[in-house]
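Written out below as structure tokens is the structure these notes cover.
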Amino acid sequence: MKIAKENVLLLLTGKLFGVVCGVIMGVTLRDSDNKWSKRHLSYLRLPGDLFVQMLKMLILPLIMSSIISSLSSVDSKTAGKLGAISLAYYFTTTMVAVTTGIILVMIIQPGKWMVTNIEEVVGEANKQAPCISNAIDTILDLAKALFPENLMEATFRSQKVCMKFLNGTMPIDADIVLKMSAEQRAFLEEVPEKITSDGMNILGLVMFSVAFGITISWIGDEGIPLKLFFKSLETTSMKLISLVIWYSPIGITFLIAAQIVAMKDPGKELQRLMGYMITVLLGLAIHGLVVLPLLMITLARRNPISYVAGMAQALLTALATSSSSATLPLSIKCAEENNGVDPRVTRFVLPLGATINMDGTALYEAVAAIYISQCVGQDLSIGQVILVSLTATLASIGAAGIPQAGIVTMIMVLIAIGLPSNLFILIFPVDFFLDRIRTTVNVHGDAIGAAVVGKLCEGYLKKTPMDDARQATGYRMLSQHASPDPKRISITNHNYENSHML
């Protein structure tokens, strides 16, 4: 594997330079005596927000076109193999991550390192109460999200079920309910309420794209024009992504600088949460530097060091943006161009992984829930620990690929073990930092998964029946590289050649 010179140059002088400059700028501009206003912080974040928005702008066309063009190029049996192996890999790695986190937090016991004044910490915070739901509600929401009733609405809006609490006929604010014990909450009537929020229903779009791509493969010759359309849309999106990359150092600089400037009292919070941070970082390090590389060596038969070097652009972007969805376009580009993974694999496995594979988030939620229970002096039973592992796995699957979405899903884990859900505020001060690390592990796990699935499905991807059908009707196989060269596209006598070399 050889990384192109322009990628190396961009990586070394761009992304790393942006991270270093962001840290220096944040430390320089930070003033502990005069706190920056939210307006001024928004001005400082503007270049970084533009970078994130440009990446998110390309998520919709990339996800749908990549999955459809990938699955339409293989037969239904191969698509089934890809899906089954991908889901098995994602579930296994998530459970391993959760188990690692639970073992570490039970051994280290960071919640008992120092006494935490719960009332002082929780009382000082003024956070908006998130949606209150349980594990069953989350599972049902996931099932409903797979089949959006309006596909157009799914591109910009999603739905979920939250519990509305009534005392007789009088509604009770969620802030008040969060402070109640389980016994007090039992006297209230719970009414499910459908909440509509802004943001793509990525799971529904993935499901539709999978079904659409497989159907195009089934119908044979009649589906070739649609396949060519989505292939063209995909390569155009990848070309736009390559242009956005050149702006990334500027965006990363201002994202990191604004986050450092906004910190309230980093010294005090780091002292209180040091044990918790050590536990989470140790767990993420074990999973990202030991477990995943071992899977790469044993299953994919590849060198994990060179593979990670090829994914460095995507990993640094995940670190800066803390969004696996925003990093998805770069993940696909790096996996294909730098690491040579089959595009039919990357463009199915990586979008699916950005939606449901959250190894770092699952580990974080398990550690956080048990850490909070230690802070309040509640020892968990074996059954509750098992409940934490299962709930953290489900919650991580339901976590959107957006910054700090893990905080929202962690509420479900706290409710599952009977803890007041507003205690998530105990770990909120350092979540912005840990969110970036765990997102990087999430993206790392997705990338390893693409290599593993590609290797395990290698025999099925060499030649599919669709190839023979295409040759019989005069259509040539589309090249599997990432970006198009318009000079080599020709349409003559229904023969299509599309060489995607940068």
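Positions of Cβ are set from backbone N, Cα and C atoms, glycine also.
All annotation found in TrEMBL is predicted automatically rather than curated by experts.
Per TrEMBL, the features are:
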type	residues	note
COMPBIAS	490-502	compositional bias 'Polar residues'
REGION	479-502	region 'Disordered'
TRANSMEM	12-29	transmembrane segment
TRANSMEM	50-68	transmembrane segment
TRANSMEM	88-108	transmembrane segment
TRANSMEM	202-220	transmembrane segment
TRANSMEM	240-261	transmembrane segment
TRANSMEM	273-299	transmembrane segment
TRANSMEM	380-401	transmembrane segment
TRANSMEM	407-428	transmembrane segment
Revision key, fill the gap. Most Cβ pairs under 8 Å to the transmembrane segment (88-108), of 50-68, 202-220, 240-261, 273-299, goes to 273-299
Study note, to complete from the structure: Long-range Cβ contacts under 8 Å made by the transmembrane segment (50-68), restricted to residues 6 or more beyond its ends, are 155, 200, 202, 205-206, 208-210, 212-213, 216, 227, 230-231, 233-234, 236-238, 240-241, 244, 247-248, 250-252, 255, 317, 321, 323, 325-330, 332, 346-348, 351-352
Point to revise | Tertiary contacts of the transmembrane segment (273-299) (same chain, 6+ residues out, Cβ under 8 Å) | key: 93, 96-97, 100-101, 104-105, 108-111, 113-114, 307, 359-360, 363-364, 367-368, 371, 427, 429-430, 433-434, 437-438, 440-441, 444-445, 448, 451-452, 455-456
